Amino acid sequence: MEELILGIVQGLTEFLPISSSGHLAIFTALFNSTPDVGYFAFLHLATFLAVLIFVKAEVFEIITGITKKETEYINLASKLVLSTIPAVIVGLCFGDFIESVFSSTLLIGVFLSITGILMLLSDNLNKNLKTIKSIPYWDALIIGVFQAFSVLPGISRSGTTLFAALFLGMNKEDAVKYSFLMSLPVTFGAGILELQKITFSSEQLFGFVISFLTGLLGLYLVKKMVIGGKLKIFGYYCFLASFFVIMFL
């Protein structure tokens, strides 16, 4: 049952800007069990498949453009790679510290409140000056730096990248696309690196399937909420979750 619940939590919260890693740690604490970072990463592979299906048209377009040696798609792919590098560096260099944070509900609560602040600010950022193809490399790096902070439980990956993209002037629909696309290498890499740490069971595989299905639902919801200017709802939720975690866990 625990694996099933964690699968649902991972699927829904991976793309909603409320921090999937933070919620996995919270529910693990509620179950009074030790955080299984390996299983958490395994669930990331499920949401990797969900986002790959959700943005399959964009991925196919980029791959086709690269094979045809079209400059705009080569540049876009290069920017996505650049956006990924900071998170990879942080994950490899500070993996042990990050894993230890999963056991600190106080820090998770603090980080959730930071995510909440970013979400409240995001709804007021609507410059619509840039598209996914027109952002400069410097912007791609900045968005990547924001994503790097999301390795900490309680800091939302989708929340930080959406905030950064909107702050830098990207239109809302393209900000969502860019956030989803740049999540692919990070979630895939994290899942593959941690696979060696888990022993597969039928319950964990079922949790994987549930995480995949709920991930598709989460993708649809976050796209609708961002375009509709309703990110503040997630901000208020993060504050409530932060209060609960700090006071009662």
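Numbers here mean position along the shown chain, with the first residue as 1.
Cβ from N, Cα, C; glycine included.
The annotation transmembrane segment is assigned in Swiss-Prot to 11-31 (among others). Note on the transmembrane segment (11-31): residues 2, 5, 40, 43-44, 46-47, 50-51, 102-103, 105, 108, 111-112, 115, 118-119, 150-159, 162, 180, 187, 210-219, 221-222, 231, 234, 237-238, 241, 245, 249 of its chain, located 6 or more positions outside it, place their CB under 8 angstroms from a CB of the stretch.
For 35-55 (among others), the entry in Swiss-Prot reads transmembrane segment.
Under the heading transmembrane segment, Swiss-Prot lists 80-100 (among others).
If you look up Swiss-Prot, you'll see 101-121 (among others) marked as transmembrane segment. Residues 17-19, 21-22, 25-26, 28-29, 35, 37, 152-156, 159-160, 163, 231-232, 234-239, 241-246, 249 of the same chain, all 6+ positions outside the transmembrane segment (101-121), place their C-beta atoms under 8 angstroms from a C-beta of that stretch.
Residues or ranges marked as transmembrane segment by Swiss-Prot: 135-155 (among others).
If you look up Swiss-Prot, you'll see 175-195 (among others) marked as transmembrane segment.
Look at Swiss-Prot and you will find 202-222 (among others) tagged as transmembrane segment.
The transmembrane segment feature in Swiss-Prot is assigned to 226-246 (among others).
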(request) With Cβ distances under 8 Å as the criterion, find the stretch in 35-55, 80-100, 135-155, 175-195 that has the most pairs with the transmembrane segment (202-222). (result) 35-55
(message) Need a quick answer: max count of Cβ pairs under 8 Å to the transmembrane segment (80-100), which of 35-55, 175-195, 226-246 is it?
(response) 175-195
(message) If we skip the immediate neighbours and take only residues 6+ beyond the ends of the transmembrane segment (226-246), which ones have a Cβ under 8 Å from one of its Cβ atoms?
(response) 16-19, 22-23, 26, 105-106, 108-110, 112-113, 115-120, 122-123, 126, 154, 156, 159, 162, 172-173, 175-176
(request) Sort out the residues at least 6 away from either end of the transmembrane segment (35-55), same chain, that have Cβ-Cβ distances under 8 Å to it, and list them. (result) 3, 6-7, 10-11, 14-15, 20-21, 24-25, 28, 99, 102-103, 177, 180-181, 183-184, 187-188, 190-198, 204, 207-209, 211-213, 215-216, 218-220
